[in-house]
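Have a look at the structure below before the remarks.
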Amino acid sequence: TTKKLYKFEDIFKISTIALHFNGSHPHASRNLRLFRIIYEHSVTFFCFVSLMYSIIFHDVKNELYTEVIKNGVMAIVCVTVTFKFRILLKNRHDIQKLIDSINHDYDLAKKLSEEEQLIVSKYANMGVIVCKCWLAAALATGLMFPIKAFILMAYKYSKDEWELVQMFDLHWPLINEIKNNLFIFTFIFVNCFSFDAFSVSMYIGFDPLGPIFLLHACGQLDLICNRLKKLFSERTTADAKEKLKLINLKLIEIYRYVKRIQDIFVVLYEFNMKTTTFLIPFSTFQFVQSLRGKDISLEFGFFTVCAIFHFYMPCFYGSKLVDMSEKLHQSIYDCGWEMERNMEIRKTILFMQTRTTVPLVIKTIFYSISLDAFGEMARQAYGIYNIISAAWG
């Protein structure tokens, strides 16, 4: 199946709507953006301070290490979504240029052959699937926290043990004794729910962007591979020269496009790798402990899946970009240049072969974003899980 090519905003509606919701979209209204920045970051800061206070002055003090890990997971989420929002604001012009580049390629695709349109549509469809995966994972995880609180309140009410239940089990100075007062409870619950909604929108809106951009680059490389197959078929030397020139110009454009992706995401993916290394074992440990205590924390089960998605998807599509680069390198060699006597064409082919020897890859500060990097992260996460299980399990 194919998706008719319109604009980025029309095809990737899920991500676009989420970015507009939290005010991080490059075209978000300035007035609304300012209000959202103040409100969203105020509730995030409130939750972060509450979590850290609970960890330091209650959980550690009372040796409740399972609670330390649970609240630590949410504190990491606070830092992560704030960092992602900052990346979006700081690089909004570069992100808009990437979107404009995609829209330009979609406009050009309307004039291509049906075969080439299918190639572009295939990679656009893959991007839509990424958006849907993040929508399902983030919504399921985010909704579990308030739903669990409401279900527990309803259950206690049915047992004539009415009690207000917060989304997060937190402790505060001064108001801790009166936190179950209806006004205080509502204030805290609304703040926690606002943070929850903001976090969900950041994961739905921001996290698909990297894979979408990488998939588009893969699609454009696939188009070049397809054109190279037909470079010398039923064409004069002049036609081959012109077609080769256009291929080279497109290749330069793709390299610039990937360089821009690299500049935007280099620090973020390094940060993601480090945080995911802790999020996976922490959330898994919390889920396993809840099973042992017969108090199933489904929210942390879903959270573990989200944490895996968080780094696996960029790594998977980063590896796909490497594979497509290697396919391009092979396609240049297999294009039939050995039958062409024109020296200018041969020199151009040699130049392209040399340039594509090193595949396109997105790098963090220390690693290349690929499945190898995901494997390294998984090994470290497994080691951390074993340590905390041995210490507190």
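For all residues, glycine too, the Cβ spot is worked out from N, Cα and C.
The transmembrane segment annotation in TrEMBL covers 37-56 (among others).
According to TrEMBL, the transmembrane segment annotation covers 68-89 (among others).
Per TrEMBL, the feature transmembrane segment maps to 133-155 (among others). Here the transmembrane segment (133-155) has Cβ contacts under 8 Å with residues 14-15, 162-168, 189, 192-193, 196-197, 199-200, 203-204, 207-208, 298-299, 302-303, 305-306, 309, 313 of the same chain, all six or more residues outside its ends.
What TrEMBL lists as transmembrane segment is 182-206 (among others).
The annotation transmembrane segment is assigned in TrEMBL to 264-288 (among others). For the transmembrane segment (264-288), the list of distant contacts is 66, 69-70, 72-73, 76, 79-80, 83-84, 87, 91, 94-95, 98, 210, 297, 300-301, 303-304, 307-308, 310-311, 314, 362-367, 369, 373, 377-378, 380-382, 384-385, 388-389, 392-393: same-chain residues at least six beyond its ends, Cβ to Cβ under 8 Å.
Taken from TrEMBL, the feature transmembrane segment covers 300-319 (among others). Only residues 6 or more beyond the boundaries of the transmembrane segment (300-319), in the same chain, are considered here, and those with a CB under 8 A from a CB of the stretch are 70, 73, 130, 133-134, 137-138, 140-141, 144, 203, 207-208, 210-211, 214-215, 218, 265, 269, 272-273, 275-276, 279-280, 283-284, 286-287, 290, 361-362, 368-374, 377.
Taking Cβ pairs closer than 8 Å, the transmembrane segment (68-89) reaches residues 19, 22, 24, 37, 40-41, 44-45, 47-48, 51-52, 54-55, 59-60, 95, 168-170, 195, 198-199, 202-203, 206, 264, 267-268, 271-272, 275, 278-279, 282-283, 285-286, 300, 303, 388, 392 in its own chain, all 6 or more past its ends.
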